[in-house]
């Protein structure tokens, strides 16, 4: 971290603490913010004042208070003083002011904070402070145990039924109670930095959430938490304290500056203004003249409008984010800032607020140790000087960061094992018989000493036999330790509430007024709409294409007004127009869902209420609706031959505006209720279906059953369609009466559909739609206010954990005995392997020059990322690949492993002396990716069996394969977790550290000779990192070649490596060689370079090495470390080694395999199908929800269209029956297609890893993915067919039921395969859903229901035959009714003749229809397979 980062950080933390404490009362809160921000200002107050400046101050002092607080003295670049209105200060003024205040952060920040404190102390204003106490805190959760914890199809149903019965007290729940925190008590004191340590699953996050007042309501809590003696219900803890999550949730389209500025504006000025007024009054009374820069800064930071800008700029500088301030934060779809920067944005977002107490959860993930040190040091200065309160959990704090803390809280298995001064924690453990080794970081020791696996190595009482001391025993011993007794005595003394500063605790729910909240949210929504303009333009363009198609299908020259049939075509056209405009609002659903996680976070932090978020998302979409509907109506109205009256033209425009707004509001509401794409799309389909089927067009009002008539009257679509029909058919051109008629043709057409032909129904429709718009938007706001997100981490206990007698937490590997892994390393493995070395000489990797660099004047065609890199990795030697960010560590590893998908590679790479060939190399190598990509719905054991099945040679029988899998599980200590579900990261399943070990094991079961590991310890705490490194070490000791990239390791992790390959920025090596005992060879090499500072005793050699080889050190010393290395004896020895290993040994031969893959095609298919079986069976969110949805829809259709299959005496009866088929095909088909897309998308990321590892070819994978759907869709079609066929009353003959089942089964199938295909040919799920959505619309238009085939213009009829829904509808209708000779009472035709003449359906064509529908399914499945094989959207 740069010096500026540190300073920035400090100030920001300072400001946060200050604000928090002051905001509780009236205004002093703001003081704190001021102090933070003003701090740097104070560092300038040594300036001598000239006479002119004195005169200006005198003039300011004479102003009224309000004006005086809005004017300040600002110094220009020449040093001249000028009076400035704070409201008018611009970007340049703010920038100059900050430049003067924050010069060199590391040097000036503390001075600045002290000066700020002195200014406030000088006039006798007190800083508020908060002491947080928690007493006898117990937190319990309910969890399923063992196999019931797996989310299988049957468990999903059982849990659902059980939960229902439990809620009405019929049957008790089978959940087991799990205690997360066990009777914990303690004090977090102001002015002191407290570090929270503990292994994963120990309850750290739960404790932080409990203290911040943000616990999930589902947890059972006893005990109490107090701030300055006040319980949480007495004030607003969410605004008094800031909880900084370990998860980085931000809106990707906003820049870093905009993200922080929005947060600052929402959290408000707090009490800064009142504090400043009091400060100014006292200074005036005491005739004290403040520093001009500080005064200006404080005034800007307490002025509405200016405050957010000034505070944000300051925080950006302190956090070192000023270099990326105007860069998008980014997400999966948008390239943005790095992970470490994103982590700092998460911290900054809360620190710009006025909270005085900070609860920070793993804020250092992804940061290097120097940046973490800088941030924590700044927080420490702020906390000490400004009386802040901070409890911070860190994963792997380096010794220098650990030493910044005053107090330690050590959690283990829900117990507080130690809480007290840092200096005395080691004394406590020594009193228990455990000592921290000399070269061991104290933080690492503390996290390992309570672990069953690690504890014994620290036992020092050689005269006593060792036994495992449980966390409970430690906690009991701590109570009698002198530190524990002191804390206990303090807790017995109640905090005197009268001593609590009135500004310490906040009682106002929101930081700013209602009008300002609405303004801030509106401005952000407008910004996001501008950033997402492409989406709106794309929607507009898509609507334009559909409009052009629609107007050419319903072309005015083909649209006569001579008969009821003609009226039917107009009705179909108008119905489609309404449906099209309504479905255009569907895009609100994914856009709303996408922003919900950030909304929930900000809502829970009380940034704004739900209505302030909901209103702008409604109002600002109205102009978009105007543009879209305007384009549609102006383009299509006259071309389609609607009534030429201009009044009716504008009435249609108004109506469609309201339809679009109603639909948008409805989909926003559904998104807020559904909260996940799966649930929301299911709800959405359900709501649409009710509207669609009961909208009066598909099923006429007279035919709606009494039990569904309520749905007809509450369907917005009914009012929309009735109004648009009345608007058209009440026109002059429809007033004539046809032969045999008794009323005008227009009225007859409307009445035939069961609608109301009276003109006033247009205005009833308009009024109803306006009412629905208001109702849905209010419901949307209410849903946002009261519903919480679904996807929260789920508590599960494995069978092994349940059976374990240990006191330790069931979720953690350390609870299991297991030294067998270390014993195995000397025995060798069940399966032999050939050791291989890898050498590379003068390797150069380059890519095409990025366009932006070309534009900046670079003339080279290629950008070189690796420059002539050479080295050798040998069997049984563990090599660390290290370097600063941008050094090319991962790039080198990807090049060697053959994982690069682009670029140019030059140089020599050899395997045991033979040139490397990627197809054979993939068979003997493994690559552990940093991202831990695994199928979420299989267990640990199944993941390993699957990998071994596909990657071990064919001659390894099943018994040996299973033995090898067991051995590997033992080696990486996964045996206790064999039945644990892998799960989704951060939601359920394995912890981060367990996933890392699974990644290693998945590669090990392939029995590779060479293994590459990318950052195997990143994101882990010290104890977890030690477990992973032990697994890595065990792997190397079996004689394999292992290379790891590693980021800022602790001393003992670093010294677990045998050799180091150190690179500098620009892709060049600067040290390649052995580490030696206690890194002696490495230290000797660099200390021999003149000017390099010597390492301090006990200092981490890895940290020292990166510090002394930084580019700034190169410049300071005037050397190039690459040149020094290439002139050294070490380099010459390495080149000799490379030459030696580049020659094949006698008696060896080049790698050769008879086939590309380890297993034959059929075995690949079976293995992939086996995994897909478990993935589907354990994914009830997809499989069970789809079946339940289908069952509900079937029951709805059955009751809605009850017995209509037996009535075919009228034209309308046939239309009703067709309508039931059309609606079912469209809705269930689209639901199948949409719901399969996220499933395939998640599995495709796993597929990319497995394919790169050479596990199988793309075709078996695609075959399995296609095949696994068939049984589930068979069940779906059977359930639907039996329910609907019997309830609708179709004719019970074997042939007719078979045809109905056949067409529905293959329709569900081709829709599902179509959804899979769209994912395979597009880069991500979002694009796939957009592409699919376009096709749904076109298929709907050409389905043959809205416009029968004979009425489609000849120039479009060809597409009818290319529309799968048209073929399905043809098959369903022709098979049921195409052979009926019954006469229709309102037609002079039989049913068969009517279907032939009006729809072109022929019963004897069924065989062809069946073949075509099967062909659609086959073509879509085949295209899916080709897409998976041909397209790789992963870029490396």
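Using N, Cα and C of the backbone, Cβ positions are placed for all residues, glycine too.
Per Swiss-Prot, the range carrying the annotation transmembrane segment out of 513-533, 534-554, 597-617 is 534-554.
Looking at 476-496, 707-727, 728-748, 791-811, the stretch flagged in Swiss-Prot as transmembrane segment turns out to be 707-727. Annotated range for transmembrane segment in Swiss-Prot, selecting from 1163-1183, 1184-1204: 1184-1204. Between the stretches 422-442, 443-463, 653-673, Swiss-Prot puts its transmembrane segment entry on 653-673. Record note: among 1358-1378, 1379-1399, 1358-1378 is the stretch given as transmembrane segment by Swiss-Prot. The stretch in 534-554, 622-642, 679-699, 1184-1204 that contributes the largest number of Cβ pairs under 8 Å to the transmembrane segment (1214-1234) is 679-699.
Residue 199 (ATP 1 binding site) sits 28 Å from residue 885 (ATP 2 binding site), taking the CA atoms of both as reference points. If you draw a 10 Å sphere around the CB of residue 199 (ATP 1 binding site), it holds 30 other CB atoms from the protein chains shown. Note on the transmembrane segment (1408-1428): residues 1244, 1247, 1258-1259, 1261-1263, 1265-1266, 1299, 1302-1303, 1306-1307, 1309-1310, 1313-1314, 1316-1317, 1320-1321, 1364, 1367-1368, 1370-1371, 1374 of its chain, located 6 or more positions outside it, place their CB under 8 angstroms from a CB of the stretch. In the structure as shown, the Cβ atom of residue 200 (ATP 1 binding site) sits within 10 Å of 21 other Cβ atoms. Reported as a whole number, the C-alpha separation between residue 204 (ATP 1 binding site) and residue 885 (ATP 2 binding site) equals 30 Å.
For the transmembrane segment (567-587), the neighbouring stretch richest in Cβ pairs under 8 Å, chosen from 534-554, 653-673, 679-699, is 653-673. For the binding-site residues listed here (884, 887), the lowest count of other CB atoms within 10 A around the CB belongs to 884. Annotated ATP 2 site 883, 884, 885, 886, 887, 888, 889, 890; additional same-chain residues within 8 Å of its Cβ mean position, judged by their own Cβ, are 891, 1063, 1065. Residues of the same chain lying 6 or more positions beyond the ends of the transmembrane segment (653-673) and with a Cβ under 8 Å from any Cβ of it are 577-578, 581-586, 588-590, 592-593, 596, 614, 617-618, 621-622, 625-626, 628-630, 632-633, 680, 683-684, 687, 716, 720, 723-724, 727, 762, 765-766, 769-770, 772-773, 776-777, 779-780, 783-784, 787. Of all the binding-site residues listed (198, 203, 883, 886, 888), 886 has the fewest other CB atoms within 10 A of its CB.
Residue with the densest Cβ environment among the binding-site residues 202, 205, 885, 890: 202, by other Cβ atoms within 10 Å.
Confidence for the domain 'ABC transporter 2' (838-1090), expressed as mean pLDDT, is 87.
Counting only the Cα atoms, the space from residue 201 (ATP 1 binding site) to residue 890 (ATP 2 binding site) is about 30 angstrom.
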